[in-house]
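Colleague: I'd like to ask some things about the structure below.
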Amino acid sequence: MTTILKHLPAGQRIGIAFSGGLDTSAALLWMRQKGAVPYAYTANLGQPDEDDYDAIPRRAMEYGAENARLIDCRKQLVAEGIAAIQCGAFHNTTGGLTYFNTTPLGRAVTGTMLVAAMKEDGVNIWGDGSTYKGNDIERFYRYGLLTNAELQIYKPWLDTDFIDELGGRHEMSEFMIACGFDYKMSVEKAYSTDSNMLGATHEAKDLEFLNSSVKIVNPIMGVKFWDESVKIPAEEVTVRFEQGHPVALNGKTFSDDVEMMLEANRIGGRHGLGMSDQIENRIIEAKSRGIYEAPGMALLHIAYERLLTGIHNEDTIEQYHSHGRQLGKLLYQGRWFDSQALMLRDGLQRWVASQITGEVTLELRRGNDYSILNTVSDNLTYKAERLTMEKGESVFSPDDRIGQLTMRNLDITDTREKLFGYAKAGLLTASSATGLPQVENLENKAK
């Protein structure tokens with residue numbers, strides 16, 4: 001069976017991930033006119049720039065959908081977002097600022113839940129708006145086939161017939177108007193935006209040029225913290241975790257995790273927390289640039305890692321970062337539910353996250369400027385009295401430290417001999433700007 005269909009399968013049911021925007025609206029109407037039987041599926045991901053989800057399926061029916069469903073994906077999305085925080089599943093960082101993989105998390109949820117809904121309706125052909133140059137076409141492909149082994153893929157944007165007729169936004173708008181729908185193109189922004197409850201992605205158009213900065217972006221989850229005319233008073237916030245799960249913000253608990261994430265977004269968003277500018281490597285190994293918002297994810301991540309560093313030992317923290325980066329890359333590639341990702345997730349959640357219980361108090365200022373004011377946990381292995389610089393009882397004595405330092409003589413001697421060997425091999429050259437002349441002198445004295 002051919003998995004990818006290059007031309008419209010007339011007479012067959014086709015499920016389309018329907019956003020209500022111009023592209024998917026024109027595609028749905030065009031497919032119906034060409035003889036297909038389109039079914040529309042809209043994911044409610046808590047998009048901050050969408051205020052009427054119920055209207056989207058109604059529009060799909062007007063454009064010719066055989067049926068249209070709104071699938072509430074918010075609970076699952078937040079669950080996956082919390083799992084990513086617990087695992088540190090983030091691999092793109094620039095200058096200490098993190099991209100929280102919010103789009104890949106959204107695709108993992110959308111790709112599985114929408115295809116599952118299609119399967120219930122007997123729809124085994126799926127289309128969406130992803131282009132052939134991006135990451136999403138592969139993410140949706142993988143998640144779709146994981147959910148339904150019989151799935152076939154039809155994308156209007158890979159169909160030359162569709163492209164020849166409706167290859168641009170102007171043509172699509174004219175097509176909608178000609179068919180009796182007064183669908184005017186929205187005002188063109190200098191970039192495109194994709195969002196869900198966890199974060200927003202701004203990319204393409206002017207943002208493809210590196211001399212266009214964050215200053216051209218209008219945040220949809222936060223504020224323009226770079227604009228000095230925007231007043232942003234400092235704010236203290238306390239985040240509580242229990243066994244790796246965020247349970248309270250400023251002492252307030254929530255009926256469900258969706259409400260908790262919305263409040264975290266509101267708190268972080270008031271300051272522009274979690275906004276970053278990243279150059280990343282797409283799945284096809286070409287570089288792209290995006291500006292990201294994730295105020296709630298950033299707030300929870302900061303508090304989580306503060307507790308992590310106070311609770312776990314050095315090697316565990318190192319493995320958390322190493323495995324988290326691996327897992328973040330798998331998530332980015334659309335492999336969040338692959339066996340290698342599940343293995344990493346299980347270990348990080350079982351042995352690391354389960355011990356993260358406590359509270360962290362932060363002072364948020366502008367953008368990513370914050371201070372940690374207090375850290376409280378019964379699980380802390382950080383104990384001030386163990387290494388206090390003040391006089392008092394100590395867990396070890398000066399003689400103990402002398403013995404420990406003496407043991408270091410073995411590896412110091414080994415390192416010195418290696419440096420001599422490197423110098424003799426010409427790999428190191430003595431220079432007045434380095435300590436190597438002294439090493440040579442020591443070698444001569446040893447002779």
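Easy rule for this one: first residue shown is 1, then count along the chain.
Just so you know, glycine gets a Cβ as well, placed from its N, Cα and C.
Not measured: the values here are computed from a predicted model.
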Colleague: If Swiss-Prot gives Ala17, Phe18, Ser19, Gly20, Gly21, Leu22, Asp23, Thr24, Ser25, Gly129, Thr131, Asp136, Asp194 as binding ATP, which of Ala43, Ala108, Ala178 does it give for that site as well?
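Modeller: Among the candidates, Swiss-Prot records only Ala43 at this ATP site.
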Colleague: Which one of Tyr63, Tyr99, Tyr304, Tyr320 goes with Asn135, Arg139, Ser192, Thr201, Glu203, Glu280 at the L-citrulline site, as Swiss-Prot has it?
Modeller: Tyr99
Colleague: Three states by DSSP: which one describes Tyr99 (L-citrulline binding site)?
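Modeller: DSSP assigns Tyr99 (L-citrulline binding site) to coil.
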Colleague: Using other CB atoms within 10 angstroms as the count, which residue among the binding-site residues Asp23, Glu203 scores least?
Modeller: Asp23
Colleague: At the Cα level, what's the spacing in Å between Tyr99 (L-citrulline binding site) and Gly21 (ATP binding site), rounded?
Modeller: 26
Colleague: Give the maximum pairwise CA distance in Å, whole number, for the residues Ala17, Phe18, Ser19, Gly20, Gly21, Leu22, Asp23, Thr24, Ser25, Ala43, Gly129, Thr131, Asp136, Asp194 listed as binding ATP.
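Modeller: Max span of the ATP binding residues, Cα based, is 19 Å.
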Colleague: Near Gly21 (ATP binding site), which residues of its chain come within a Cβ-Cβ distance under 8 Å, counting only those 6 or more away in sequence?
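Modeller: Same-chain residues close to Gly21 (ATP binding site) (Cβ under 8 Å, separated by 6 or more) are Gly129.
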Colleague: Using DSSP and collapsing to three states, where does Thr131 (L-aspartate binding site) fall: helix, strand or coil?
Modeller: coil
